[in-house]
Amino acid sequence: MSEIPTRFEHAEEADKIAQAWTDAKCSHADPESSKPPFSVVIPPPNVTGALHLGHGLNNTLQDIVVRRKRMQGFETLWMPGTDHAGIATQAVVERRLKEQEDKTRHDLGREALVDRIWQWKDQYEERIIGQLKRMGTSCDWERLRFTLDPICAAAVRATFFDLFGKRRIYRGKRLVNWDTFLQTAVSDDEVFNETKKGHFYHFRYPVIDPKPGEPEFVTIATTRPETMLGDTAVAVHPDPAAALDAVEAGLREKLSDANEKEAVDLNKQIEALQKRREERLPELIQLRDMAADGRKLMLPLVDREIDLVADEWAKPEMGSGCVKITPAHDPNDYEVGIRQDLPMINILNSDGTLNGEGGQFAGLTIPKARKAVVAALEELGLMGDIEDREIELPHSDRSKTPIEPYLADQWFVAMDELAQSAMDAVSDERVQIFPARYRKGYLDWLSEKRDWPVSRQLWWGHRIPIWSVGGLSQQEANELSSELEKLAERHPDQIAQRIDSDGVDAAGEPTKAVFVCIRSEDETVEADVEALGLQQDPDVLDTWFSSALWPHSTLGWPAQTPELAKFYPTATLITSRDILTLWVARMVLMGLNNVGEVPFSEVFIHPKILDGLGETMSKSKGNGVDPIDVIDKFGPDALRFGLARLATETQDVRMPVQYECPSCEKLIDQTKKNRALPSMDCPACGKPFSTQWAETEADKSLPKAAVVSERFETARNFVNKLWNASRFVMMNLDGFEPTSLDVASLPIEDRWLLSRLSTVTQTVGDAIERYQFGEAARVLYDFAWDEFCSFYVEIAKPRLSDDSQRQIAQNVIAHGLDQLLRLLHPIMPFVTESVWNHLGQIAPKRGVPEPAEVGPFVMTASFPVADESHHDSKIERQFSEFQQIVAAIRQIRASQNIAPKETVPAAIRCSASSQELLQPMTAYFEALAGAEVQSLGPDTTAFETDAHLALPDVDVDVHVDLEKFIDVEAELARLEKLQGQLTGQITGKQNKLSNESFVSRAPADIVQKERESLAGLQTQLEAVAQDILKLQSKK
């Protein structure tokens, strides 16, 4: 037997253990296995940067599930991989390129930039995989996937080809969210609003040839005056009188239910509306009539005639009652433009500068164009008031720059049927979402059935597999189509084509475009298509398109692989709520479309980890904790157990974040101010250290502080407790002989341990099945620490030293440790594997009632199954009371500062039934509480010099004789404090029970419990008062 170290040195042991698992292929899945399958796909981390604790939580929870299923006999596949994260990764690399070399992607060119991004990907993928491995994730590392690798790429091409053939993919000109920094469209889900200080500009457009009595100008207002260069109309409401009436009716309806303060405000609004009706309504009616006559306005600065139109988008109750219409740069105006058949004039280049449609302002950036347009309007005398105003500005989540609505040609996925299929899957519970409250967000998002814009104007990603040529006459398009049909015969199932409208030529004749989709990445097919004059689309696909295929693409689809047959659909998905719609919903609809089955049957949405200030952790904020920093300080098992213990079903987790001074190891709380500093001085030792924000050579030369959280201290202590108790057990197994045991004849403490193991096994298994990881961790912690280590091991010590009892005691305690290691292994894999290895050298054959050979790894051992025949509720109740009494005696000893070597006389008043339960336990009070029980039962009375604790939950009073130990003044102080606490509690209960409303409305059983609780408190108070009198008589 190898020597058992006094400490578990995770830094030395974890890598050895992980390598042993790898060498034994413990986590490698066999698709030919006869075992039932259980598969999980990892939410692939983005290669934008390293992982933080949010990823740590996500992967720990997945690993708990996977390890337990592996131990339960399933053929488990946990598919690892990373995501290319198109827009996010390109944004990071482009920003770095600009900061370090003052270059743009256009300076480098497509191929060179993509090479740079591949280098970034390789660097961070290696780091991410390293982090995951050090956390102990038991993925099948031989099957590592990447969303841009050839296997995933084949699935992307096959999916796009299928949707194109079904006409579920189409090209259209739509208003998109345009990121001018990255020069690409971003989805609505990648946009956030930020409040900025801005202005509301009022200016006038001249009416062309106004008739007598007609207004000469129409006044409009906007926060974006530069967009007026793309205006194609001004709208007025078609029935302004009715619209104002409707607004007033709404206000009066609110008034009927308003309080006094609200009523004042509403009456002011009604008065203002009535005044507006008098002052503005006649002109609005006049403008409405002018619109009906087809009258025109002159757009200043570009001298373009624009329409005056009647449309309900105009709000007569606001501003002038008229609204400028810029269909190419505002989503609402775009809808007006569709309804009114207006021209759509895009005034922006892709980089956010004004294009030729901006006339004299072409080439200016948006801020400069805004100032120039306002100045030009002022010079023409057309500028009105300029109001200060706070404005909600949309920003790109990727580049953090303002979004511009932008009219562009994009590829879309038609979502109607696909979205409905994903909704049905959740509605009929083929996919269940836990907690169930997240179902609504999933269904609401899909119910909008918004078509999905999937093209991105980027260079990093899956290039859209479409080749096209436009500007063709119908005859030219038909001739080209015929050539493509011949080509398709030469390349079966590889080419799909479509002829679409493409606008008009210089003569005003309609033109056509031919689009070809190629299924596979085949240079020969692509060359043949390009030889016909078609060119590939330069755009790439939205990252989420490839991510949506992850559960089946990673298994080799569209090829019918053994892995796909065995492991699809996967069993469960564990992820964050942030991507429930962006990713989870799309995986469901793509799985149904491609494979015909849902990709998983259950989805668990885990809480988010927040810092101590309640903010989401992220590297960009400086509050993101690297799991490796926690592992280096506390160990991987402490990281995992700490995270599992925090994983609740209902709320996000706050975790205070600290810097660890590299000089004195003092933890310094992060604040919003210091978390952004490049360096700082430690408030404890005064020595400087750098942070992740260090940029100057001076800062970088300082030792760097790790970012950690003290919340893992308790978990590290638990690891140490488990190791120490395990070491004690194994050191007392000399001469171990596996023995068949008759459970019924075992000593009571052994039967208690077996019963508790059965109960805990059932509770932990149920909790993990319900994704209640925090509950599983809590139960295991309490059992391991309080019951196995602190109670059972202590009780067993005398028997382990007694030759006549040692063999049975060794067999039972070895079995108890064995079962505890199996239960804890999914959460704490490294320390349990290390103990298992040592235990296997001492007791390779063990178990109760029948010993059996065990394998070399706890990772592949069977997970415990609750043995109902071992369950004994009477014994568990015995020990529960016993534990509470021991705790009470220990509390009294501590309060009196009684030395550990001293034995105290104790008396225990309890019911006759409790006396029967506790009588066999009296011998153990000496070992566990340093107490000699002199009296036990209903007639037990207090000692003359008595310390007393009541245990109302079990109707027990614990008395300790303090004649030899008492500090009268200290004990009086303690009792008087307790007397005050009890008096306060009694007053509260009496007030509650004297409240007629509570007594009459609360359920009868609740009222009765309150009365019983009051009676118990009053009994305790009487006993404390008697104890006080006794002690006072000794003064």
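Placement of Cβ uses the backbone N, Cα and C atoms for every residue, glycine included.
Residue ranges 45-55, 496-506, 683-693 are listed, and Swiss-Prot annotates 45-55 among them as motif ''HIGH' region'. In Swiss-Prot, the annotation coiled coil applies to 253-281, one of the ranges 253-281, 601-629.
With a threshold of 8 Å between CB atoms, the same-chain residues lying at least 6 positions outside the motif ''HIGH' region' (45-55) that come near it are 82-85, 88-89, 92, 120-121, 124-125, 127-128, 131-132, 576, 608-609, 616-619, 624-627, 630, 643, 655, 709. Sequence-remote contacts of a segment are chain residues at least 6 beyond its ends whose Cβ falls under 8 Å from one of its Cβ atoms, and for the coiled coil (253-281) they are 240-241, 244, 247, 316-317, 320-321. Residue counts of the motif ''HIGH' region' (45-55) by helix, strand and coil are 3 helix, 1 strand, 7 coil (DSSP-based).
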